[in-house]
Structure formats: C-alpha cells, structure tokens
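Before any comments, here is the structure.
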C-alpha cells in the first residue's frame, strides 16, 4: 500500500486550506473552499458542545437562543435538553437544587413533554424516578439517564443539527480523511488484511459518531427518493437503508448535503490531527519548524507545542535565523528565472542552514535565495482563537496541546541524539533539494547531493536516471543537442544498461532529439512528483522520516481504489472531497515527454447502467484479479439495486450473488429466502 502514488501538490492545497479554515496558521488570505469558510460558526458549535458535555445546559441553551433561536422551536430537541437539565440539577445533590428540579419539572419539562413527540410524556414520567434512585446505583431503572454519556449523546445530536443549520461543515480535508479512513478500515476488515496504518487510524478516527439530526415533522410526509441515492449514501457512510432515507429527508433530498451531514458525524481526534498536519507542513516547508522538532512533538519529550510553545524558543529561533541571514550573500541567481517561470507553490524556502555543511561551496552559491524565501513560510499558531471566543476556562482546549498517544508510538521523524540546530539544518537542506528539483534544476540537484552524500545515487539509481532525464530534456529544449547526448552517454545509457526497466524510458527520452526544440518542454513533466520522491529518499538518508500523514494518504487512497473496483462503480462523492485530484496521474517515473492520462473505464450509478461482474475478487495485495479464470456476467443496475435493497447487502456482495445466478435478481432473492 505504501507505494501508491499521490498527487502531493493537491494534498498541499487541501492541507493549507484546512490550516487556514481552522485558523491554525498566521495567514491573511481566505480559504479557497466555500465549505471551509465557516470557522466562526464551528466555534459556536464547539462551545455549545462543550457546555453540554460538562453539564452546563443553561449555558448551551442561552447560546442557542442567541445564535440559533429557531433550533429551539423544535419541541423534540428542546425536551431532550430540558430532560438533561433536570438530571444535572439533581446531580448537584443540594437541597436547593433538588427543590429547583421539582419546580423546573412542573413548569418547563412536563408542558414540553406534552407537545414533543408521542413517547415524550412516558419518558418524562420515567425520568422522575431519578428522585428516588441514586446516581451511583448502576442497577436502577434510570441508570442510563444518570450516565454521563447521555451528555455526549445530546451534545452530538445538537452538533449535527447546528452543522446543518449554519451549513458549517468540516473543512474538506477533514471530511476527506474521515471518509478515506472509514473505507480503509472497512476494506481491510472485509478482505482480511492487516492494515499497515492501524496504529494511526484506530486513534485518529474515533469509534463513536454524533447522533443524527432529526428530520422536521413536516418532512415525514411521503417522499420518493431515488434508490440509487439511497444505496449510494447508505454504503458510503455505513447507514441502514432507513437511516439513509432519514438523512435524505433531513437534507430535503439533496444527496450531497446529506452526505456532508453524515460524514461530519464521524469524529476525529483533533489534537492528533493537528499534530499530523503540523508535522506534514514542517516537512513540506509550508510552516516554520521552530526550535522544537517534530520528533520531539511525536514522542512527547518536550513541553507543549503550537500556540503554547515557550516564547523563549521563538526568540531563540528568530535570533539564530537573523544571524544566519546576515552572514549570507545577497547576489544570487533566482532558480525559477532560469526556466522563465516562477514556482506555483508556496514551498519556495529550501536553503540549507549550513551549520554543518558551510564548507560545501555548492551549497553556499544560492543560500541567500533560500533564506529570503524562508520568511514566506507561515507561523503555526495552533487552536488559540478558541481562548478568546470561549470565556469559560474549562474550555481552554488550546491550553495543553498534548500529543495524542498514537503519535507517541509512531516512528520518530528525526533520529535521537541530533541537536536542534542540526535537525533544522537537515530539514532546510532537504527542502532546498526538493525546490531545485521542482523547478527543473536537475544538474544542480545532482551536484549538491553528491557533495553532501557521494553514495546517495548509488543507492537510488532510478532517481539519478530521472534527474538526468530532466537535464537531458532541458538541454534539448535549449537546442544544445551535443550537451544532451553527453548526458545520455555519460549517465542515462550506463544506468539503463544496469537496469533493463530503464531501457524503455531511455528510448522515449531519446525520441525528443527528433522533435523541434520548442516542443520539448520540461514543464510537461511531473517535476513536483519527482521532487517529492527525492525529498523522501534524501530525507531518509539524513535521518528524516516522512510524515505519518503521507503514509495514511497512500494507504487509504489505495484501498479507496480497490474498494470501488469491488463495487464496480465510480464513487459518487470523490469529486466533492477532491479525492479525484489526489489520485491524478502524477507518477514520479518519467517515461515519456508528454503527460498522458489513462481514461479508465468506470461505471456510474444509473438506471440504464450495466455492470460486468467477475467471480474473482481482488487479492489482498491489491493485484488485479485473474481474468482468465473468471466468468463474466452482465448485471443490470436495477438488478443490483434490487438485491441490495431486499437483502440489505453491500454492492460487491450483491454483484457476487448475481454472478452466480446469471444476473437474475428474482432468482437470487428466492434462493436466499428459500
């Protein structure tokens, strides 16, 4: 799974948008996604949730009256809140609170129970038993009412309602990650595969979900929903058929709104997610690293991170960087101007700090460029704004910024025993190599890496071949055919002689000699993918492990593809979640001059669709099924939906059964019930 290609530039964009929309970095530009621009509303929801979770029901109701008064017009929701308040009054245990609970039940709870829903008055009479049964009595008939988990259930329910009310959905990256991990866990379970990232997903994606929002009573009138939409939603977010219908009813038949409502019910460990994102941003050069290394954050060996970092650390970092900047020369050549274009990403700061490598003249040539660009990186601030918005000290979630246990057991980003200055130097060196490669400066990359690690390309000959490919094509584009042939004879030919797999790309590269110079464009090559591959490989040689988030994305995107191969259909929601852009053909192996994208055949959910089913499933390692041993059966989409509906089966199982009975849905159903 770890070899699955990912469009890292697309992931960078999602990560930056997530960090902006959650106010995790200092940045004045707005998030690019309209779904990620509701930070203020999400803070309101978090504050109301936390008020309910700690039993401050009056505070939550007051906030609802101010920010979402129409939500309290739903008597069903109001009754649940009032019932919880009644319990919390009794939980305090004082004589005055008990008297107030009696008065509250008479004046507020009982009248609301009469109008809430048919079972509400019975629930009201049942909860009155709390007067005589102690909260510590686990065998009492009201033990569930006393349980503190009831707070979290109501908090989740109210959060679901408010998300739809404000249209304050989670940032796209958060929804995408939840969705991909959910599919990954389900796929591994069904296929009997041990997940290589289970230590991360089990802690990052929480088991509990928020309670679903209750559709308004006016929407319970008979409505017709497309069975295609019902099944797509039910199997995307693991709902029953009735649950999918209720979700569509609440969203007024809008499939994508229903999907967002459901995917936001999935809970992530926010502290762990923030650390994963921060680690990735430091690795990719999106944010400043600061004195504290990611390895220390993962292992919990230093004090709090993010907004709660020591002020002295920031001062020390700024002072040290200022000293470096003043010692560097200002006369350099801009890397991007050598190509006539500027980099399109914001990961431009890639110079080494030079504390251990200042003796290498190749690194000194362009250090001032890297130092200038480094100032463009964002500062990681963490979830600090919640301190200003939420007045109660109990809600100071930014207060600790504790590292999640999952990150403490994850592999260290940087080896132990490396001093902080050297750690940052290594990050800067690796980022510089990545930036050079992404701007097509292959010769400079090879020269500088050889100066730092003469044996690196002996261990990574394919990377050397790819870099020399870029250098060859760049020379051809400039009309220097003699220089290009020298590169081919000195490097590409010998490398291909040692690795037969490189012969084909070598031949395709040489064809560029026959084309006009202006048609040989380095910009048509996946330079960013090559740069990322180089960053990962060269980083490891310096003791810098790739971020855990990279592993998660590779594995989950792989299982997403394999899951929908089993379903024999296209994911209805992959465009909404940008999954298609994360999978865009951006392979780092440069095999041709022009980027070519394969038009993979995929079936869409529709009434006129036919699906070709095979009785052979994809193997555990993701390899293609043996088509020679499979018996293809054309399954009508209506037959698939009928089996899924009547037997409550996943799509893949329905297709598998239809394949056994020549695609006849009636026969399948009869055989099952017989």
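One-based numbering along the chain as shown.
Every residue gets a Cβ built from N, Cα and C, even glycine.
As annotated by TrEMBL, compositional bias 'Low complexity' applies to 300-314 (among others).
The compositional bias 'Polar residues' feature in TrEMBL is assigned to 327-348.
According to TrEMBL, the compositional bias 'Low complexity' annotation covers 351-362 (among others).
The domain 'CTLH' annotation in TrEMBL covers 41-97 (among others).
The feature domain 'CTLH' is assigned by TrEMBL to 426-483 (among others).
Positions annotated as region 'Disordered' by TrEMBL: 300-377.
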Secondary structure tally of the domain 'CTLH' (41-97) (DSSP, helix then strand then coil): 50 helix, 0 strand, 7 coil
For the domain 'CTLH' (426-483), the mean pLDDT of the predicted model: 92
For the domain 'CTLH' (426-483), the number of residues DSSP places in helix, strand and coil: 48 helix, 0 strand, 10 coil
